[in-house]
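Here is what TrEMBL says about this protein:
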type     : residues : note
TRANSMEM : 6-25     : transmembrane segment
TRANSMEM : 37-66    : transmembrane segment
TRANSMEM : 72-92    : transmembrane segment
TRANSMEM : 150-168  : transmembrane segment
TRANSMEM : 189-210  : transmembrane segment
TRANSMEM : 362-383  : transmembrane segment
TRANSMEM : 395-418  : transmembrane segment
TRANSMEM : 430-448  : transmembrane segment
């Protein structure tokens, strides 16, 4: 574990304990300012002079959100934010030192927050000016959105480093309602942290024996066999998953200790989105304390990962839905559902996801090959799995699970190696085996689907 990982874990741990203190503060304005100062202090401590990026980025987005037309502020914010994200990761070409890696994480989550806020404001404005305004309980009070509120939301210490993404509506509800007082947060936190020590041990062991850096060396290609190089994707992806899981679970725990994202179970909260049904119940509870005392609440709004489904679902299409779920909600709501050309929605969404993750070509080598694999998977599911029952279904599930795990590990190698040169070098060393076999299965699947179409 390197210094960056130690800093990363230390700051996440701090936010968990700090949340225990913050939840006891009753004064809303004081709570906001304390959280903002703590969040800014975290940004400053890991960024140094590069904190100016966060300040400038937030200031410009605030101007866009507050002073441009609500009809187009979301589009302007989206374009500006991603252009700035590209600049941020290429500052060396402009004579500016690269920001630290942790500052990159902060910039990523700030991008989601501020663009998301612009879309929330646009949607609220559109709703308030339509005939449906009386039916939608999720609209924001646009009169309450000011510069201070944007600063508080952006620099809130909760999730400042790694997320999870939560909407401004969730942030506002956190200060408006006290649902978090009606959940045993110690039990909820324990459920998140119980696996973290195990994941840390697995990460340390696997990463020390099978470091991804080894796959960047000459020795790896000169002294290892084809089969070893092909197998190497498995431990590398195990270490990658453990590292991500640790961050996601600690981030969720920080949300829970602070109390953000707590909603009644009856409202069926969804990750990133918040309540989806029975929205009137929230206001009723504010007028009826007994109703709150007799209701159940959860933190599903800030649920980042479902470990069981992520690891065991046989299909890539379903398993990825349970990975980094709050960010996936943002991608689905901001990009996928709004892109006008339906046929290209998946490709564009994965391209935006790759751009958000970084400018490294390895991200594109990985994420932009996911849509073709999903298409391939869908074809073979229809050919083999849809009507399967009993033992046949179980065997097919195992087969699909092996396929998707290998595919994700294979594509994940490019994600971990980062550069185009390293990614292509690795794939070349294993003769692009999964690319070629996937293309073969895709062609075969299309042929079989065409022949069996009347029967299907």
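Backbone N, Cα and C define each Cβ position, glycine as well.
TrEMBL: automatically predicted annotations, no manual curation.
Within the chain, the transmembrane segment (37-66) has long-range Cβ neighbours (under 8 A, six or more residues past its boundaries) at 7, 11, 14-15, 18, 73, 76-77, 80-81, 84, 88, 97, 99-100, 102-103, 106-107, 110, 114-115, 117-118, 121, 145-147, 150-151, 154-158, 160-161. For the transmembrane segment (6-25), the list of distant contacts is 31, 34-35, 38, 42, 45-46, 102, 157-158, 160-162, 180, 185, 189, 246-247, 250-251, 253-259: same-chain residues at least six beyond its ends, Cβ to Cβ under 8 Å. When each of 150-168, 189-210, 362-383, 395-418 is scored by its Cβ pairs under 8 Å to the transmembrane segment (430-448), the top-ranked stretch turns out to be 362-383.
Among residues of the same chain six or more beyond the transmembrane segment (189-210), those with a C-beta under 8 A of the stretch's C-beta atoms are 1, 16, 232, 235-236, 238-239, 242-243, 245-246, 249-250, 252-253, 256-257, 307. Beyond the transmembrane segment (362-383), the same-chain residues lying 6 or more positions past its ends with a Cβ under 8 Å from any Cβ of the stretch are 315-317, 320, 346-347, 350-351, 353-354, 400, 403-404, 407, 411-412, 414-420, 422-424, 427, 435, 438, 441-442, 445-446, 448-449, 452, 456.
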